[in-house]
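The structure under discussion appears below in the form of structure tokens.
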Amino acid sequence: MAPRNSRRKLRLRGYAIKRALQKNRKSKSMEKRSMEKVSPVVPEQLRSAALRVQARSRARELTPIVASSLASRSSWRNNERSSRTNTERSSSTFSSSPKRRELIFDFRRERDDKNRVELGRDKSCSRPRSRSPLRKSRSGSKIANLVEFNRGFYDEHPYTKSRHRSVINAYREEHDIFVHISGGHRRDAISKGLKPILSFLEAPFSEYVLHKLRRQNFDGPTPIQAQGWPVALSSSNMVGIARTGAGKTLAYILPALTHIRAQPSLRRGEGPIALILVPTRELAQQIQKVVFDYTDPHKVRSICVFGGCSTTVQLSAIHRGCKIVVATPGRLIDFLIQGQISLNRCTYLVLDEADRMLDMGFAPQIKRILADTRPDRQILMWSATWPLNVERLARGIMKSFTLINVGSLDLTANPNITQMVEVCEEKEKLMLLKKFLTEIYDISDEPGKILIFAERKRRVDDLVQYIASFDVRCESIHGDKSQMERDFVLRDFRNGLCNILVATDVASRGLHVPGIKFVINYDFPHSTEGYIHRIGRSGRSNTKGTAISLFTINNVRLAQPLIEVLREANQDINPQLRRLADVYSSSKWRRPFASRR
């Protein structure tokens with residue numbers, strides 16, 4: 001009976017201490033008074049431990065600590081071996097010393113934090129809430145409890161199926177299309193159901209999409225669309241490589257709509273089915289606009305997720321449910337960490353501008369997002385080039401994929417763009433800019449949209465003031481502009497309210513504004529890749545464009561690479577540019593001039 005009575009006294013004393021602390025926690029003086037009352041019962045060492053617990057707002061753990069300490073001093077300690085019936089009492093002897101008590105307290109706090117993360121209650125924790133078992137379990141099942149992924153929904157059109165091999169080979173040779181299926185050895189891409197779709201009538205798109213395509217007055221699919229659509233519709237992983245302006249956006253958006261229609265309906269809290277990752281917010285907004293143009297908003301809801309603006313509107317759209325999400329990696333990871341979005345139903349994943357995302361250092365974010373998607377998803381990577389880092393990423397995230405390359409694997413200029421290079425001095429650039437703008441406006445009263453690139457933000461603002469002094473409306477866009485200002489400027493430029501836009505390299509990639517006829521490089525970029533991406537803002541969708549570049553002695557190291565770009569695009573080469581290249585390659589050239597800015 002002695003051990004039972006002592007245990008009863010122990011519980012009563014523990015409850016008394018807990019009630020006293022909870023009653024007087026609002027006032028420090030009351031706390032001190034309450035601890036003085038219990039001090040004859042609780043040793044000084046235990047009282048300090050209780051204060052530490054209460055200071056950390058962990059009063060709920062005070063009782064087991066008090067109980068363990070008193071139990072170690074009670075008379076039933078000699079009989080504890082026989083009275084132990086569970087693991088909690090066995091830990092009471094271990095927690096007799098203050099140092100061990102603190103270790104147990106830290107362990108319990110860590111355990112509780114871990115439980116909160118798993119239950120999704122702790123929003124401030126850096127670990128994301130997992131809503132379904134996406135990680136591989138010990139039994140080896142990776143896709144348990146996930147909604148079934150419907151893959152077999154693509155049937156070739158009779159015209160496509162009956163198309164002869166010679167016709168397909170002739171089409172690929174004409175448009176310089178290369179198709180390769182990875183997997184250890186070369187396979188016949190034609191026999192694997194990858195015959196190109198040569199007309200819109202052969203594509204299994206909805207009547208709503210076909211009606212939109214007819215209104216756009218497109219003659220037919222572009223080469224990357226013709227060969228990429230059957231691969232994307234067959235639920236296979238793929239890598240698409242094509243120059244800027246080749247129609248890569250519609251090459252993955254239209255198959256995404258067919259893919260979504262073939263999947264089971266979303267339930268509340270699920271979604272999206274299609275996820276499109278892009279490097280910049282401007283590109284995300286433009287792709288969102290294309291998605292909106294080709295989707296019925298009553299059937300397919302899409303949202304755009306990017307940083308630099310409030311999350312309230314984006315979160316409300318996510319909670320309403322959506323089937324397509326266009327996102328930048330940073331903001332999407334924030335929502336994943338907070339448990340605001342689930343990728344359990346994401347079966348169609350697109351990485352657009354993959355080469356630029358890697359250049360911007362988004363490789364860890366991409367892998368982090370892929371880890372939160374289901375393992376049986378379909379991945380489509382799109383890039384303008386095929387460098388080693390893009391190839392490594394593709395082979396790291398996809399066991400097998402179909403590589404579709406239109407044109408060269410290296411970055412090439414659009415042949416629809418007329419390229420002009422003017423060799424000048426730095427002080428002559430402003431005068432030449434005025435000359436070219438005057439000639440453009442003298443040709444026609446409606447010269448179209450003009451995009452001017454400058455290197456620095458301050459120079460962008462100076463050029464805007466200079467052009468506006470001639471009573472010509474001009475806007476600017478650079479990194480110091482807020483998202484609201486960027487949206488306002490791009491909307492005016494797209495709608496034709498402003499015909500001249502001066503920008504830094506923030507607009508060199510992914511900016512798709514119809515009707516850009518002239519691109520002027522006031523400051524020449526630091527690489528030929530940047531040059532090709534800049535001039536690629538014009539001449540899109542098989543239209544004509546003109547690129548004018550002001551080339552100074554500070555850019556002389558790029559003279560020979562620029563000549564190769566011009567030669568490959570069958571453009572006229574300025575003799576002064578040839579002389580600069582020859583002088584730079586000669587041993588007499590003083591190299592310090594090449595590094596000046």
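Keep in mind that glycine also has a Cβ here, set from the backbone N, Cα and C atoms.
Per TrEMBL, these features apply:
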| type | residues | note |
| --- | --- | --- |
| COMPBIAS | 126-139 | compositional bias 'Basic residues' |
| DOMAIN | 198-226 | domain 'DEAD-box RNA helicase Q' |
| DOMAIN | 229-404 | domain 'Helicase ATP-binding' |
| DOMAIN | 416-581 | domain 'Helicase C-terminal' |
| REGION | 19-41 | region 'Disordered' |
| REGION | 68-97 | region 'Disordered' |
| REGION | 117-139 | region 'Disordered' |
| MOTIF | 198-226 | motif 'Q motif' |
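Applying DSSP to the domain 'DEAD-box RNA helicase Q' (198-226) sorts its residues as follows: 16 helix, 0 strand, 13 coil. If you look at the domain 'DEAD-box RNA helicase Q' (198-226), the same-chain residues 6 or more away from its ends with a CB under 8 A from one of its CBs are 154-155, 157, 159-160, 163, 171, 175-177, 233, 240, 242, 246-248, 250-251, 254, 257-258, 261, 293-296, 404, 406, 542.
Across the motif 'Q motif' (198-226), the model assigns an average pLDDT of 90.
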